[in-house]
Amino acid sequence: MKIYNTLTKAKEEFIPLQEGKVSMYVCGPTVYNYIHIGNARPVVVFDTVRRYLEYKGYDVNFVSNFTDVDDKIIKKANEEGVSAHEISERYIKEYLKDTEALNVLPVTTRPKATEEIDGMIDMIEELIEKGHAYEKNGTVYFKTRSFKQYGKLSKKNIDDLEAGARIAVADEKDDPMDFVLWKPKKVGEPAWSAPWCDGRPGWHIECSVMSKKYLGDQIDIHAGGEDLIFPHHENEIAQTECCTGKEFAKYWMHNGFLNVDNKKMSKSEGNFFTVREIFAEYAPAVLRFFLLSVNYRSPINFSRDIIESSKNGLERIQTAVEQLHFLAKVKAEKGELSTELTESESTLLKEFDALIKKFEDAMDDDFNTADAISSIFEMVKLSNTYVTVESSVEMIQKVLSNITTFCDILGLETEKKAEILDEEIEQLIADRQSARKAKDFAKSDEIRNLLLEKGIILEDTREGVKWKRA
């Protein structure tokens, strides 16, 4: 199996640090709003990477954090007149709902930055002691030039970067390229006590500390969107390697950007979509299918035509699986339970074996989900053409198992959501309202998630609860 390593700009044979085990860290969201479809891409991509590694027999320790203290969170809190904690907790819950709807598996550990402050202070103190950081008026800066390999991930030259940084350099910095590890508190901001001043950590130190605590000094895979290569991941490497003296991550993986109608997604362009807005029109499984339809390192373009194509593609697979379940049921009802394969069926299964290898070859080649999906479509075509009510039970079950197994590796749902009657929806909404009045918010969330699983989107408005089918 080969992985494209951003560090070396080449596909490399995947050899984990410890045989049979994989340590994996993916930078998580800054929780101040609902996630948009661009945010969803790394979540789905690296969930799929994790799924395939587990299929290959690896024990995966997958850590992904929540950045729950940040300028954007504080700004949102001030606008709403609530605490930063209230904002972050609200959107952590919404994030988990959205990712669950996208069929993303729970990660092994989900640390929050605000719960790891002591570890951040400890690492900053260690960097100061080792001569890699310094304090000025309460602010602690990382001494970038103390790390001789700075720029090795992004391939940026520190002298070229310095020329651009001089324009906005703070007077107290020793060097324009030095970055903040700890910043003093401001009025109305959350703060923690530290040896230098009451304040809060810089963004980059958070991930260095959390990955080190939960995965150790060295990890196999560090991943995220390509926008994180510089400065975030570059700075993580500098901090961590200056502390440990060891190579931080063996493989660096980065997904490409998502555009909308071939333009950068932005609110000013009017082409900005949260995943909730997509869920209002399409099942979450359709969005997941779309996000995996292109090689993860390539840019991906979202448009109405393309998402419709993804919907149709997923339905082709689901219809084939539905037909296979139907055939198996017919056989069972007739009592035809023979497991013997005919000669022609044995020959046909060899074609399926070739497609299984094709799927695995695609995924072994840097997780090429686009080609892997193509292999599933070829399985579906063979099934639709040759598997009939005359086929043996063994044949039907093997074909069904092949298709569902490989869809599951990609996290693609093979069963269509059962239709729910309007009356059932209204009753569940009424039950949810009763739970909310009784302040049973756990029950309220449970009902909302149940409806979401059935493709029903709720919207709480001043006029009451409105709902629509995805």
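Including glycine, each Cβ sits where the backbone N, Cα and C put it.
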Inset, instruction - For the Zn(2+) site that Swiss-Prot lists with Cys207, His232, Glu236, give the additional residue from the candidates Cys27, Cys407. - result: Cys27
Legend entry - Matching range for Swiss-Prot feature annotation, motif ''HIGH' region', among 29-39, 326-336, 425-435: 29-39
Legend entry - Annotated stretch (motif ''KMSKS' region', per Swiss-Prot) among the listed ranges 129-133, 264-268, 309-313, 459-463: 264-268
Inset, instruction - Report, as numbers and ranges, which residues of the same chain sit near the motif ''HIGH' region' (29-39): CB under 8 Å and 6 or more residues beyond its ends. - result: 66-68, 70, 72-73, 75-76, 87-88, 91-92, 94-95, 98-99, 225, 257-258, 260, 265, 272-276, 278, 287, 291, 302
Legend entry - Same chain, 6+ residues apart, C-beta under 8 Å of the C-beta of Cys27 (Zn(2+) binding site), given in sequence order: Ser64, Asn65, Cys207, Ala223, Gly224, Leu228, His232, His233
Inset, instruction - Determine which residues of the same chain, besides Cys27, Cys207, His232, Glu236, have their CB within 8 A of the center of the CB atoms at the recorded Zn(2+) site, and list them by sequence. - result: Trp203, His204, Glu206, Ser208, His222, Gly224, Leu228, His233, Asn235
Inset, instruction - List the residues of the same chain that sit at least 6 positions away from Glu236 (Zn(2+) binding site) in sequence and have their Cβ under 8 Å from its Cβ, in sequence order, or write 'none'. - result: His204, Cys207, Ser208, Ser211, His222, Phe248
Inset, instruction - Among all chains shown, work out which of the binding-site residues Cys207, His232 has the most CB atoms within 10 A of its CB. - result: Cys207
